[in-house]
Structure formats: structure tokens, C-alpha cells
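Annotated in Swiss-Prot:
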BINDING   Cys60, Cys62, Cys75, Cys78  Zn(2+) 1 binding site
BINDING   Asp450, Asp452, Asp454  Mg(2+) binding site
BINDING   Cys819, Cys893, Cys900, Cys903  Zn(2+) 2 binding site
Amino acid sequence: MVDVNRFKSMQITLASPNKVRSWSYGEVKKPETINYRTLKPEREGLFDEVIFGPTKDWECACGKYKRIRYKGIVCDRCGVEVTRAKVRRERMGHIELKAPVSHIWYFKGIPSRMGLTLDMSPRALEEVIYFAAYVVIDPKETPLEAKSLLTEREYREKLQEYGSGSFIAKMGAEAIQDLLKRVDLDAEIAELKEELKTASGQKRVKAIRRLDVLDAFQKSGNKPEWMVLNILPVIPPDLRPMLQLDGGRFATSDLNDLYRRVINRNNRLARLLELNAPGIIVQNEKRMLQEAVDALIDNGRRGRPITGPGSRPLKSLSQMLKGKQGRFRQNLLGKRVDFSGRSVIAVGPTLKMYQCGVPREMAIELFKPFVMREIVDRDIVQNVKAAKRLIERGDDRIWDILEEVIKEHPVLLNRAPTLHRLGIQAFEPVLIDGKALRLHPLACEAYNADFDGDQMAIHVPLSEEAQAEARLLMLAAEHILNPKDGKPVVTPSQDMVLGNYYLTMEGADREGEGMVFKDRDEAVMAYRNGYVHLHSRVGIAVDSMPNKPWTDEQRHKIMITTVGKILFNDIMPADLPYLQEPNNANLTDKTPDKYFLAPGSNIQEAIKNLDLNIPFKKKNLGNIIAEIFKRFRTTETSAFLDRLKDLGYYHSTLAGLTVGIADIPVIDNKQEIIDAAHHRVEEISKAFRRGLMTDDDRYEAVTATWRDAKEQLEARLVETQDAKNPIVMMMDSGARGNISNFSQLAGMRGLMAAPNGRIMELPILSNFREGLSVLEMFFSTHGARKGMTDTALKTADSGYLTRRLVDVAQDVIIREDDCGTDRGLTITAITDGKEVTETLEERLVGRYTKKSVRHPETGEIIASPDTLITEDMAHYIAEAGVSEVTIRSVFTCNTRHGVCRHCYGINLATGDAVEVGEAVGTIAAQSIGEPGTQLTMRTFHTGGVASNADITQGLPRIQEIFEARNPKGEAVITEVKGQVTDIEEDAATRTKKVYVKGATGEGEYTVPFTARMKVQVGDEVHRGAPLTEGSIQPKHLLEVRDTLSVETYLLAEVQKVYRSQGVEIGDKHVEVMVRQMLRKVRVMDPGDTGLLPGILMDIADFTDANRDIVIAGGIPATSRPVLMGITKASLETNSFLSAASFQETTRVLTDAAIRGKKDHLLGLKENVIIGKIIPAGTGMARYRNLEPLAVNEIEVIEDSEEQEDTVEE
């Protein structure tokens, strides 16, 4: 067997007739499948054992030779070789076609490869192949033209005119085959190259396309006549099986039907030829044979598809590969696996961060082989069969063994949809009763799971390596940070937040205020016995907490705090300052001095002078986690998270916060606000009736009035709310709900959207406490339904976007330490108008500098070149007032097929420098695709009629950017650097003209009358600067400026969309994607390189070709960069396996076969498809041959080998 992991590359070419014969084990001559009485395959039929091998292992057809000892013998009676039945999956047969047949992929594909080779139109080809016209093959002495078409009648007339044999004309695929044999590739290519020197327009395009195909034939060694089949391969029978159903009927693969049609027609044709039948009958039979082969290869591509029972189109060879159910996506890229299960999930609040609860019944089934081996090893039973019976009976002894087996054996939990890599994590199983999997509450956010009936799948990693990977790389406790932005993904939520919020509240004049305690135990005891409240401010001796980082003057004093805060600080790591206030100064620096008193001072007085602190909210807890992670890394953080969770749950239970209808406050002046709004609306209507405003203006004013009324109510709510109100506490802490939920309960529901998306002028004045009228209720339903449908559509759209992103970037892997590039990317803060969408500080963290960074005032060097910028350095640089920094960037990286460590920076998921072998492309795609569901679907109206187009936002805008489409509401950009000299308004054509004059020339730009201008007369503009508001068309920008400015523009645009929706994504992820869109160049002038003009090439390949020519002293080629959308970029990848498994499978494979393409297996997808270890992480070549060293463990290793032998028996 071929060892897949030794593969260097994989090539696909056209098969020559001899090649097909060499694959074949015999000719299939009869359309029969199996004999329905004996159920044995028929001789010379589609399932023949002589051709394809025995149906039973080590047994010939007639039963003369049975058992493995006759291995390799061919039976003298039935002619079947004694071997494994598995060969029926690999042995092929063939059918000798009695007439040549054209291959539909090459004749019908777009562009038609046959047509380009012969320089004939696909229509002409169709007429010839399907016997509607003759084609002149060799005119000899006659004035006919070669390749011209003749109808039946013209053909007869010409024969009479010139005499028979004076010229050769044929019809059908054999005519095409003759023409293809006559193509002289070298001469045609030379001729086309000459033509290209002068041709232009449509002619040039056609010449380039022909040249491309002919060149492909010449370079690959494929012969054009192989596009016509003389011999048809028959795929192995086990890949097109026949199964007996229980009713004695048979279910069979459609391919057998299609093959039977071909064989029947072929045999009939053979008989007709033997009988010397009339030409027209033979012709008709040949046409039917052609159609049968077409249907077998690609049913439905031409004409109506051949249908089976129930008029269902039969599934041909092409359909077996295509689409989600095809071979690529169904069986090669994703397989169902053994040792897996699924169940509903329930919450496991008592679990540790690295644990999950697995029901006993499930665990015994999943770990069955391990338990069986252990049972045999302990001599409870003698053999594996008995052990299996023991388990199936449910013997009591198996449970103790199961407990031992699962110890230290991690399992993987996965929740669909797996939008990013945190959708599969490893846990240590803990056996539980019941039938639901138990999930740690903090792991929910990464999975986006809740406990309303979600299900999860569980998988068992079997090999030692898989277990090690699960334990070291995938354990849930390691996944503290989100790969998309480097922020903690395991922030506490709901009850955990509420409990800690309640715990850290402070109250004035609660029982026990002003008491002083000698240490924490005394304080807690007083609280437990009811002498002091959690929220009372009390004193405690600082000396009783010697481990905390106090300053020298704080040490021997008394600190004012609350019992709740003492408990809250108990769970913090010792090196963290004592937390009194929810702010960063207290967290990173020290506890503020105002809380400390000299012993003997009046503590009551001091408490009166201190303001009450606000409690710790969800956001503050997130900051604490981030700080702890920064200082102590994963192990300590995950332990801390468990303590935080337990504390939160405990105290939210004790607090007993409940919600009743009386907790919803009543706003005293609601009626006044609403009356005022009604009055204002009445005035607007009057103004409209008098013709003082347009209908659009009236609509805007009315909706604005009601919005304003709602905001006033909201503001009043916030003013009057009571901090101890449970609903307010939930909202304020970030546990659940926000101000808009609150204002719908207590204020008014406000304006609603109509089914068409337009906002209705009639607001809902009631709130949920008062209750809605029937009409109001009816209005609300529109919005609710729209919300549901939007979500459903958005999920599908977002999933498809992720799929395209993954496909285009899957081969981007960290391949080396440093690429040694001499370019860098100069970055500034990203702004949108006046607003800053992403600060320079955020963009700098975790990147390497390219040039040194100097302090703008003192000139000191803050960071020298090639330094990794930490959070503190980035903060310092921003504080110093540096406005731009040149950094190493993915855009400027020179590594082939990937990125180097220095250009990428830190791995956001770990906070450390990225490792060689990290699959950063896939992570980037997931980071951009996963938040896609949070983006909005709609295109916003920019208030009123001021703009000429609606600005696209949200998901549609992201798709527009990544697919490099022409944006809606396109901005006009200048192609000249210089000054705006004049802006003229032309009322007749309703346009404005903008004049720009510069040193190199001047430009005149026409913009629509309604467009908002971005420039005024006298402004200095650079090339590619927008003159009007709107989105720039990136392809246009690429023509005017360079690649880097397009990349920078696309990066900024993507960030604007995500940041406006409050989603943070690291720049580097967007950089990886954008770089993939610009990795190709189009060759303009080939120079001496021998490249073809007009073809697309990878930048790296183009540079290589040029380098070789320059060394040899020739003229290098010139090219221009090309911006491709992600779908196009995926299909243009160098790997045909990856492209074929993405979309347009047949087109990709047709093209690859003609070119004789080699797939060098550089990406992840191609390797998954052929079952090779992926070239990321430890699968990279540089790590491939590492041998584990045994250190004083020789005995153990020998021991384990013996144990393995017992399992195999």
C-alpha cells in the first residue's frame, strides 16, 4: 500500500487509451449485474469476479479454493484469483467503445477546451459530435475550407461536384478526433505569439485564451486527441454497490444504470457494424452511444437529464464529486467517526474548569475497549469475548474499572455550529448519573451554548499522540483568551456576576458599621453571627494580611472596607493589590491610600467622609481576569475563575434577588412627556399641511420626536432608579438585560418597524407593566417576526462567508522565524470622520517594530527595530504622543505560502510570540467569520434625502469588501496629486465638476449633484483620495495607487464595520485575508521569460521566473497586481484539490487535467483530502521525524507493548 505520509505531490492528467488499458483487469462486455437466483455476479458483467476480484475474502467464485493458504492462486475452473475482497474497491475494468466518443467536460465546459484547441465554435462542435453536420477534415485539391461545416445535403452535392474521394469530411466524435490529431501545437503556438504582438481588443482576448490551452497541452505532454474516448474505464464495483433489501428487491447505485445503457448501446452498435447496416442507423446508434457516455460522465450537462424511477435524474460521476453531498465535502473533508456520542447538555456548577460530566452509560460505551482490556488484564474473565458479555450484562465490577480507565484520559466536546476553534475543547471526564452531559458554566461563552435543550457531541481521542494533543493544546482551562482579539473569553456571566456585584456593594448606615476587627476570620465570624452586614463599612488590621503587596506607610494601619470585599479579595492571588475600587489604578498599581487610618483614629468620622464605592460589574471582572492572566498565565487564571464562579453562585443564592411586578418603577411625569410629544407632532403636521415641509421631512421630524420622548423617559428612569432594586442590580451589574429592556418595562416601547423595514410613525405608548392594547400588540409582532427571519438568514450568510474565508486562507501557516523583508507598514489610528474606530495603541500591541520609535519631544528611542511591543510599551508610545509607527506586517512579509513569526507578531490566543507551524490563516478566517452573525443585515438609510445612495453596512458590507465588488454609493477618487482649483455646479445635467491641478497634470471629475463633497476649493489631495463621501472601489484604487494603499484601505474598512457593531478583531487577522486577495499578478509583457501574456500568476512564482531571466541577462517580464474576491482567489489557488473541493468542481478538474497540474500539498485542505498529516503544528516537515527519547523508562515501554498485543487478539 502507498504510504500517504510520504507523498510529495499529486498530479492529475488526461488518461491515454493505453493508460486506461493498463488500469483495467478485463473488459466488461455484458450489461448484466448479478444473477437474481444465485445472487452471484454474472460473467463479463458489471460485477464480474474474474475482472474485479472475489466477493468473499480468500475464496474463489466456484468454491474450489477456500482459506488464506491459497493466496494468489487463480482458480482453474472459474478463473477468479484468491485474494481479499477489498480489491473490489480498487480494481477497474474497461469498455472498448466501437466508435470514438467525445468527453463532455472538454467539449461542453466554459470555455470549451476542444473549441479553443481547434479554433471552432462550441455550436459547430455540437453539430458535428451529435451527427447534425459533416466537418471537412482534409479538402485536398478542392476549394473547400478545412474545419468548415457541411449539412447532409451540401455534403452529397459537393461529393457529386468534386467526385468521391476528392476530399475527406466526417461527422461525430471520430471527425473531431481526426482534427485533434492534426493539430500542430508548436506551429499554432508560434503563430499565436506573432498575432499577439499586433492584436488588440476581442481578438487579443481570444488569442490569449487559445494560447493558454495550447501551451497547457504542450507543457503537460497531454495529447489533444485524448479528449475523445476510444475506451471507457469502469470504476470498481464496490464504489457503485448493489444491496439486497429485505423484500428481496435490490437497491443499486445510479452508475450501474448509466453503465448498462452505455454497454447496451455499444453492443448494439457492434452488431449493426457486423451486419453492415445502413449508414443512417449506424449514425443514430453512434449518437445514442455518445449521449449515453455523456450521461454517465455528467448527466444533465447537455439536454435533459436521464431519469430513473419517479422522474428523478440519475446521479452521474460528476455529481458524485460535486456539492455538499459529493465525494469531496461529504467523505473526504468531513467523516463520521467512531467512539463518539451526543446528548443534551446540562449545567455543571460544581465542576472544575478542566472537567465535564459524562453519563455512566455513555462512558462505558465510549471506553468499552479500554475497559475490556483492563477486565482481561485483571483476570476477571479469560478472553475479550467474555469481557464484552460482562459489560453488556452491566456487571457491578465494571464501574470501578471504568473510573480508573477514564482517569487522565481527556475527551473532546463539540457544539455545532463550530464557528471558531473554541467550538471543540478537551475536558477530563467525570462520571455522573443521569443522561445529560454536564458542561462547566464558564465554557458556555466559547461554545455559545445555553441549557435550553442544546446538544453536544463527545469524542474520545484514542492514540497516545491524540491524547497528548487534547491534554496539552485543547484543554478548556488553557483557552482563556479569544483568538480573535486576545481578550478573555471566559468572563463570568449572569448569576456569577450578580453574586459578586451584590457581594461588593457598599451601604451607608448598615448594622455593624464602624466595627474594627483584628483579622479576616473575626470579621467573617461577626458577619455569620449577624453582628455586621456584608455591605457595612468596617475596619480591619492591615497586618493580618501580610501576603498582600502593601506600601510601607500602609502596613501597620487600619483599612476601611466591607466584609463582602474581604471575602471577594480572599479568592484573589496574593500578589494582587487589595481591591477596593473597580478601576484599573487599584488593580494594577496599589490600594488607594484614602482607605487607611492610623490606629486610634475616629473610624466613624473617616467613614462619613468617604463616598460609597460602586460594586464590581461584569466589565470589571473581565479586567481582573485579563490582569491575572497577564501576570500569572493559564494555570493560576483557571483556578481563580473557578473560585470566582463558586463565590458568585454562592452569594447570588444568599442574596435571593427576585423580580416581582412591584419592582418595575412608575415614572411620575410620563404623561407630561407624551403629551408634549403629541403636541409637537400636531405642529409638524400643521406645517406640512401648509406646505412648509416635504413629506419626507415630516416623516423624519415625527419619528425624531417620538425617539426623543422615549429618550427623555429613559433619562428619567435612570435618575429615579433605586440602586437596591433587583431589576436595576441585574441591569447595572451586566448580569442580564440592558437599559432598553428596562425602559420597555417601565417607560414606553417606542417606535416599531413595519414589515417592509420602514419605521412606523405611530409609536407604542404603553410599557409592559401597564400592558399593551390589542393594536399595539399587533404592531409589535412585525418586529418580532422580522427579528427571527433576519437571524435565520444571517446565520446562513455568515456561515457561507466563513467557509469562503477559510478556503482562501487555509494554506497560510507560520513557515519560518524571520523572512528578512526590507519593507514595513506605517500605521496610524483608524478614524471614521471625526471618530476614532481603532486607536494606535490597540493596533500596536503584539507587533514587531520595523523602524525605531522615538519620543517626539525628547528624541529618546522608545523601541528599537525588531522589538515586540508589549501592552505597557504601546501605552507609553501612545502617551508620548507618537502618531505613526512603522511595524512588521503580514502585508509586507516575503515568506512563500505563509507568514513569518516576526511579521505576524504574537498569537492572540496565548499572548506569546507565535510558533512556527501555527495555522494562522484558518484562525484569521474563523476570527472574521465567527462574529459575522452579530453584524446587522440591513443597509441603513443615512437620514433623509441628503445622500444619493444608502451606505451598506454590517454583513453585506463585509461581503462586498472581501468579494472586491463595486460598492454601493461609490466615492469618486482623484488620479492626480495636487490642489482642488474649482468646483462647478451644472444645474442642467444635475452634476458638479471638480477640477484638480497638480505638478504632473490635471484632472476633471464629474460627481452627482446630490453627492456630499469631502473636499473644498484649495484643499491639497493625493492620488487616490476620495472627493466625495462613500466607499472607494478598491480595484480603481489599485490602478491609481500601489498594492499597499489598497491593503491599508481594505483593512480600515473591515475594521470600521466590525468596530461600529462593537466587535473587536485583531488587525493581523484582516491582514492575512486581504493579503490573500492580492497574491496574484497579471503578466503584461513576458519579456524573455517564456510566460504567456495575460495569465495570472502567484507573485512568488513571477519573481522567481524574472530572477532566472535577469541572471541569464535577458529582459524580465512586467506585470500588474490583481485584486481578487475571496471566491475567485480560492478557485485560482495553485492547489487543484483545494479548489475542486470548494466550488465549480468539474471546471477546476477539467482545467487541472489539461494542464497536468501538480498539487504540492502545501495547504491544510489538500492534505486532509488525501489523508496525510496536515503541515501545521507538529505535522510540519521540520518536526516530522522527531523520535521520542526514552529516559530511564525502558522497562515501561516493553511492558506497554505486551499489553497492546493482548488487545489485538
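Just so it is clear, glycine is given a Cβ too, placed from its N, Cα and C backbone atoms.
Shown on the structure are the features that Swiss-Prot records.
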residue : record                : contacts (Cβ under 8 Å, 6+ apart)
Cys60   : Zn(2+) 1 binding site : Glu49, Pro54, Lys66, Cys75, Arg77, Cys78, Val80, Glu81, Val82
Cys62   : Zn(2+) 1 binding site : Cys75, Arg77, Cys78, Val80
Asp452  : Mg(2+) binding site   : none
Asp454  : Mg(2+) binding site   : Val344, Ile345, Arg415
Cys819  : Zn(2+) 2 binding site : Cys893, Asn894, Thr895, Val899, Cys900, His902, Cys903
Intrachain C-beta neighbours of Asp450 (Mg(2+) binding site), sequence separation six or more, cut-off 8 angstroms: Cys444
Densest Cβ neighbourhood among Cys75, Cys78, Cys893, Cys900, Cys903 (binding-site residues), 10 Å radius: Cys903
Secondary-structure category, per DSSP, in which Cys62 (Zn(2+) 1 binding site) falls: coil
Secondary structure at Cys903 (Zn(2+) 2 binding site), reduced by DSSP to three states: helix
Cβ-based neighbourhood (8 Å from the centroid) of the Zn(2+) 2 site, residues Cys819, Cys893, Cys900, Cys903 excluded: Glu816, Asp818, Thr821, Arg888, Val890, Thr892, Asn894, Thr895, Val899, Arg901, His902, Tyr904
Environment of Cys60, Cys62, Cys75, Cys78, the listed Zn(2+) 1 site - residues of the same chain whose CB lies within 8 A of the CB centroid: Ala61, Gly63, Lys64, Tyr65, Asp76, Arg77, Gly79, Val80
